[in-house]
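Worksheet: one structure, shown below.
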């Protein structure tokens, strides 16, 4: 009963002019951002942060749900049309989407990717509610040691799943270290402030995200001279029929389940999930030999998977307040800059926020159909703006956006600083997501660490005497140990053989 | 040009130096009066330790790879790297120019130079885009979002 | 002939200009007044100022614009108002943090850089415990703390916050040894109290009122001068045997050189806002207690609070 009331509350926020307009704006922006190779949903979110300034928190977060969904779908458009994925999460779609396009079945491929995206998104929005609400109820009983352990697990998983666990750990620790700059939460001193009044509260979250997610990527595009072909949007064949849809239903269901699960795991994310979805669809198919040559299931499975990731990734974000990916980290930032901290308490103090997110994830996917069918030709015109002009315009937006946070030039400087840091990390293959997560979770990690020790009067065994935190801490140690083994010891043995 | 093992080693040494700087800076924080039993210096020091240990691990891996030669270096063009550096220089210039020249003028310059530095777009298109987009951003942020942008010498806008 | 014309014109111009300047003070306010505030749009203090602004608009007949200048731990807003033109069109909305903030971190501004206009409200601060706690009165708390030194955990805000300092002062006056556990804000403290992981806390009444009604939290004392209208059964700390009073300020101050005539316009209009029906509904819902302190007395209120923060912050800053 309480559930229905809350859903009604969420719907009353979403189904207003402002709510729907925010979602539509988000879906449009996300689709454009996703469809531009080199720009992903996270970067789109980072660029648009200043526009949330004047919005109320619900409208802002609804827009970000829209961007998230649109971004996952938009990536498939260039995958099909030019054989280059718009985002890493639609890389698997290229495998069968591009051959279908070459065979002249463009409409079939684009249609299927749309339907599968919407299907995966809707399934995951339902699953999000099923998992997030009970988990939040459980999490309400969590104390400082449990929260410290959970955030630690999130960070170590992200570090372990990156290409090299040492690089992952450096990136995560760097984020945590950057988060300690500013006023200390337990003593009245400013740490690492170097006497600058700009650093009293530490680095602002908006310029940090803009630098590390957006500026670094623009610099990287210029550095690597990433050029894309012109995307020509022409429907050369009919859309998929109901029969096609039913034929792909099993792969979409499987993809949705995988996407949900992988999305909920910190660190894995859509770029890994889409390949898992693709491979599973191929393995269980009755005609696996068609995969790679234009199998419709080969489009349906990864697209259902990457959109199902959205719901999965929001489970830990909403119920625990601990994001596991870049996109959800930015969404956490949007809530924080509006003075809201996601987590179990948000369900009690501001139920309209989590419940409107549940409803809006569903609505975003429905809106996506209309945006994709009606506006897509217009959106592709934006995608085809030359990268030189696009890069310059993105930088101009980032700079004015950073300035508008505090009306201060220092924030533009912050963008540049973290843009260069992010670029170096990209060039040397360090996971930026780990740094971003470390930065946004740093306060949570450190305060709960020190609070646990305060409550235990300085007894360090507090983390191990509490059963939940003990299990979680052991898991995170194991994840690092296993990753070190895989990265550095197994390889040596393989080379020796 | 390639990204050499030497540069990777330099990066790891830089991480170690940065982490050591954080560690060293945080030592006097142990004097501060605090409400928790461990004090403000412990957490940053643990993080610095993690960075130092992992960088040492990386150095070891690099050393081993340079011996066995199992490394596949990534390549890039010096011209593109130069373009990227110029983009950074122009951005730095922007920070310096904006308070003096005002938002609108500085941004027109920014976009114009950014496009010019990257090349490939004609002068006429460049001028059109830089003036147009700067004006759009100015109107959006100043008039719609009510951000107080620097006027510079153009007091009237 | 021509020269005389010129002279007449000159005199006319000068007198006009003088008249203009005079009427500027007399006809204050002749244009919208900006209220600067240090936290973001949508925060509690910002919503308060916006609601108060609506009530004042009706009295002074000019729009009130709330301008949020965030960042720098408040110093961005305070520096901006300190350096603003002292014409009375830029004023500063304050809470107790303008007194505590500059003490905590080195800032080129302090509360003494402003001219008081008026305090209008205070936020009731209360001591509360979990509903299932054995403590029924503040005396129980003291007895327990003295029997088990260091065992009692108290939830507080940031180290420099008013709540934390109040806890320390109360503990000092009641001669009890306790453990202070800082939290980011009142909501976090509330969760820990409901879960029973901490034994007691000091916080704003408005933040916990709903949980008191729900029966999860019990208030055992308030730090006001007199009992609260909404909770008449809760004794003040003074009645409980500890002679300590703390009332969080909500008020308006102006740049130092603003003419007294302008301050008077504001003090007079602020005195009239309490009867505005919409505003009344707002401040009652948000548990703000009217406490009108005019300009001449507000300086002492701020000085006293400054002395308290300074005393408690020794060694912390």
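Glycine is no exception: its Cβ is also placed from the backbone N, Cα and C atoms.
Among the features that TrEMBL reports, transmembrane segment is placed at A:20-39 (among others).
Residues annotated as domain 'DUF112' in TrEMBL: A:20-434.
Taken from TrEMBL, the feature transmembrane segment applies to A:114-135 (among others). Within the same chain, residues 3, 69, 72-73, 76, 240, 245, 248, 252-253, 255-256, 259-260, 263-264, 299-301, 303-312, 314-315, 318-320, 347, 354, 358, 361-362, 364-366, 368-369, 372-373 sit at least 6 positions outside the transmembrane segment (A:114-135) and bring their C-beta atoms closer than 8 Å to a C-beta of that stretch.
Non-local neighbours of the transmembrane segment (A:147-166) in the same chain are 172, 176, 265-268, 272, 316, 320, 322-324, 429-431, 433-434, 437-438, 441, 444-445, 448-449, 452, 463, 468-470, 472-473, 475-477, 479-480, 482-484, 486-487; each lies 6+ residues outside the stretch with a CB under 8 Å from one of its CB atoms. The transmembrane segment annotation in TrEMBL covers A:147-166 (among others).
As annotated by TrEMBL, transmembrane segment applies to A:173-194 (among others). Beyond the ends of the transmembrane segment (A:173-194), by six or more residues, the same chain brings 155, 200-203, 208, 434-443, 445-447, 450, 454 to within a C-beta distance below 8 angstroms of the stretch.
Annotation source TrEMBL lists transmembrane segment at A:206-223 (among others).
Residues or ranges marked as transmembrane segment in TrEMBL: A:320-341 (among others).
Long-range Cβ contacts of the transmembrane segment (A:353-376) within its own chain (Cβ-Cβ under 8 Å, at least 6 residues beyond either end) map to 6-7, 9-11, 13-14, 19-20, 23-24, 26-28, 31, 57-58, 61-62, 65-66, 68-70, 73, 77, 114, 117-118, 121-122, 124-126, 128-129, 132, 136, 233, 307, 310-311, 314, 318, 335, 340, 342, 346-347. Under the heading transmembrane segment, TrEMBL lists A:353-376 (among others).
Taken from TrEMBL, the feature transmembrane segment applies to A:388-405 (among others). Long-range contacts of the transmembrane segment (A:388-405) within the same chain: residues 36, 47, 49-51, 53, 204, 206-207, 210, 214-215, 218, 221-222, 411-412, 414-415, each at least 6 residues beyond the stretch ends and with a Cβ under 8 Å from a Cβ of the stretch.
What TrEMBL records for A:412-445 (among others) is transmembrane segment.
Residues 142-143, 145-146, 148-150, 152-153, 155-157, 159-161, 165-166, 168-169 of the same chain sit 6 or more residues outside the transmembrane segment (A:465-485) yet have a Cβ under 8 Å from a Cβ within it. Annotated transmembrane segment per TrEMBL: A:465-485 (among others), in sequence order.
Sequence-distant contacts of the transmembrane segment (A:20-39) (same chain, at least 6 residues past either end, Cβ-Cβ under 8 Å): 14, 47-48, 55, 59-60, 62-75, 77-78, 84-87, 90, 217, 221, 226, 228, 231, 360, 363-364, 367-368, 371-372, 375-376, 379-380, 382-383, 387, 390. Counting same-chain residues at least six beyond the ends of the transmembrane segment (A:206-223), those with a Cβ under 8 angstroms from any Cβ of the stretch are 38-39, 42-43, 45-47, 49-50, 178, 326, 329-330, 333, 337, 387, 391, 394-395, 398, 401-402, 405, 411-412, 414-423, 425-427, 432, 435-436, 439.
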